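Since the structure comes first, as structure tokens, the remarks are kept for the end.
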Amino acid sequence: METLGRVWNRLSIRRPTIATPEPVEEEDDMTPEKTREVFQMFNGTPTRRKSESAHHHRAILNQMENHQPRNSTQSPKRQPRISESSMDIPGSSLRRNSTETHVFANRAHLHSDINVPACSSEDDRISTIRRNSLFVKRGSVTMEPIKKVDLEEVYTVNKQLGTGRFGYIKLAEHKQSKHRIAIKFFPRPQTKQTDFVREYNYSFFLSPHQNIIDTYEGMFQSSDDTAYFFVQEFCPRASLREAVEATNQAGIGEANTKKVFAAVLSAIEFMHDENLVHRNLKAENILIFDANDYSKVKVTDFGLTRKVDTTVKYLEYVNNYHAAELCDTVVNEKLVVNKSTDIWALGIIFFYCMKGKFPWQKASIMCKPYWEWEQWLKRKNPALPKKFNPFSEKALKLFKKSLTPRFKDRWSAKDMRKCLAKEKLLKSVKKPDEDYYVMIDTSTKSRPSAASTSNGENQEGAAGGAPATGERKQKSTLQQWISTTLTAMAEISEQVVSARDD
Ligand SMILES: Nc1ncnc2c1ncn2[C@@H]1O[C@H](COP(=O)(O)OP(=O)(O)OP(=O)(O)O)[C@@H](O)[C@H]1O
């Protein structure tokens, strides 16, 4: 995956630094210095003068008009995102941080072209230039005003889509464009302006990624001063939490889990490459846009996102996704933000997708299921907790490298992505009865249909016909016993191998 950093280098554009140290969380209200600090999260020296930039944009528009058909060999990963929602929304009222909107912002008559996908690697390059020019531009902005908006004038606000600790999300219709959007509200005076501005900036900054929710440009405040808000694309389906809950603790299956993780890990790898940690990864913050095939999945909620190495205060709140080091922390203890927190949460989400439930309530030795896992991990108990039995060796390795209390041993998002893309995650389950029939039963009509092999032939000839029921039962039990023994042996050898590796 090409990171923004690499793109910046390739294009010889000086990259906006994201290195300004952030204050410890839970500060007082905004002072002018703090306001500057938040905006300096994206600060950098603009390398293009205004006139150069105008010339550059004209060049892009010219190239866009002459684009070639898409090269079929081009990797789908590098395909710029096709906008479904931005095209109809007038740029002045709702501009999203997508690559398309900005380049066309001055060409209202061409808005119908926005949905045309970029068609060549040249277009792909153009798209990244557009995206970067946006960041360079943002680096030069000192303070974007929070505009007062009469909500009822601009939007028809409908039902509540969700609530969180910091605010609530409502479905709304943008009156002018008739577009459905989601508005994220932050009640005042409970919400500090710094927190609102930070969340908006991270959401907006990250939204060009195809697996991150789109945030439209603009920070707003309701005209009655009761809330800050910003606007996002609306997810018409559900969060991953709802999708998993709908399976009645069966999980969404290996194939769908792989699809979800390909998207989520792409987003998290992108964030980690930018030295940002999400810090609030959970099934509720993964949005599924299509009902059936998990082909459009996006990460949302950047309220706790911070740069790596930022010092934050631990809040009194533990959830299923919290890593062991967080569960051991006392309120107001200071912590240093680390990417490994996200990796732990991803390990939990992986288990949750596959099994339809969480491995434990809290990653603390006071919680028995977690204690059992830790005992196995530390080889103090050779018995793998039963709930992990269905997983393949590679999937177990993924758990060992994400749900380990030794946070330095945790994998990177890239390691996780590779493992999930390539490996089988569940042990292949043998059905002893079927094997038994395949082996011995050739002619009996009572044979189940699965008794035939894939090419329609039976494994052994018509030597003896169907055996007596008692004999069948005996052989079936024997086969089950062999299967269980083999599984146990595989687990033991896996433990011996990992002991040797360490
Ligand atoms: N764009 C959207 N479209 C549809 N539903 C959404 C959208 N964004 C969020 N939601 C729903 O609203 C819920 C809460 O949103 P979000 O996580 O952003 O709020 P929060 O206050 O930051 O929550 P948290 O307590 O996790 O920090 C989500 O779990 C999701 O179900």
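Note that the numbers count up from 1, one per residue, in the order the chain is shown.
Glycine is treated like the rest: Cβ placed from N, Cα and C.
According to its DSSP assignment, Lys184 (ATP binding site) is in a strand. Neighbour count (other Cβ atoms within 10 Å of the Cβ, all protein chains): 27 for Lys184 (ATP binding site). According to TrEMBL, the feature ATP binding site maps to Lys184.
Annotated compositional bias 'Polar residues' per TrEMBL: 63-86 (among others), in sequence order.
Annotation comment: TrEMBL describes 446-458 (among others) as compositional bias 'Polar residues'.
What TrEMBL lists as domain 'Protein kinase' is 155-426.
What TrEMBL lists as region 'Disordered' is 62-96 (among others).
Under the heading region 'Disordered', TrEMBL lists 446-479 (among others).
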Local confidence of the prediction over the domain 'Protein kinase' (155-426), expressed as mean pLDDT: 93
